[in-house]
């Protein structure tokens, strides 16, 4: 049977799960003008706080997940990984081949999603928590029956909360270790930089502001200039200066190796969990 195209100009978007990630995506989609809130729906069940969060920017909150699927062309599964199988299995009576299914559940593979749903029209996406401020790093992988047009729709949706790339699913454990878990590594680095500033005599509030802005600025330099980070590091490292003295301490402490090991350890754990 031929799969019907999703109507790009009129499609409706539904969220199964009304948590923080679903809210971040929905808010980004509305804020960027990709979809009006009238074309988005979810079901918040018994949690009034989640209902209020979605209704506050115009999203329809329906009485059940089944209603969300029935009324949506594109359905985003945003539930905890351990709940995905049970949730999807209960929705199979209302899942049709004409619906595009998208999963943001960490560690849940396409082959399992497709088997549970009885549909191969799936796209798996790995976003990260900076989606809340429109700066997510997301990666998507298309399932067996997902079309390039489906991919374009998902790219536009997740492009509203940051940047998105396309990759084979075999890379997703590494992606989880890097961009999925990576924000926590950077928060730790920002905290450590701020503590260093305090140790050097700076007031706590000034130190934290300088540390967070320094990380933001350095990341922007890498993404906007196209220069290799090693070159950018060399550009600010004068012979016998303050920066090389600090870098020397980082190298003595195994800074680069520790970060690399963190990514590898998180990727390994992702493989174990999936």
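The backbone N, Cα and C atoms fix where each Cβ goes, glycine too.
Per TrEMBL, NADP(+) binding site is recorded for 16, 17, 18, 19, 20, 21. Per TrEMBL, NADPH binding site is recorded for 65. Per TrEMBL, the feature domain 'Pyrroline-5-carboxylate reductase catalytic N-terminal' maps to 13-107. Annotated domain 'Pyrroline-5-carboxylate reductase dimerisation' per TrEMBL: 169-273, in sequence order.
In this structure the alpha carbons, written CA, of residue 17 (NADP(+) binding site) and residue 65 (NADPH binding site) are 8 Å apart. Note: the CA-CA distance between residue 21 (NADP(+) binding site) and the residue listed as 'NADPH binding site' rounds to 17 Å. The NADP(+) site is defined by 16, 17, 18, 19, 20, 21, and by the 8 Å test on Cβ atoms against their centroid, the other residues of the chain that qualify are 15, 22, 23, 42, 50, 78, 79. Every protein chain shown contributes to the tally, and the Cβ of residue 17 (NADP(+) binding site) ends up with 25 other Cβ atoms within 10 Å.
Cβ-based neighbour count (10 Å, all protein chains) for residue 20 (NADP(+) binding site) stands at 14. Distance between Cα atoms for residue 65 (NADPH binding site) and residue 16 (NADP(+) binding site): 6 Å, as a whole number. Note: the domain 'Pyrroline-5-carboxylate reductase dimerisation' (169-273) comprises 89 helix, 0 strand, 16 coil (DSSP; helix = H, G, I, strand = E, B). Packing around residue 19 (NADP(+) binding site) is summarised by its Cβ count: 16 other Cβ atoms lie within 10 angstroms of its Cβ, all protein chains included.
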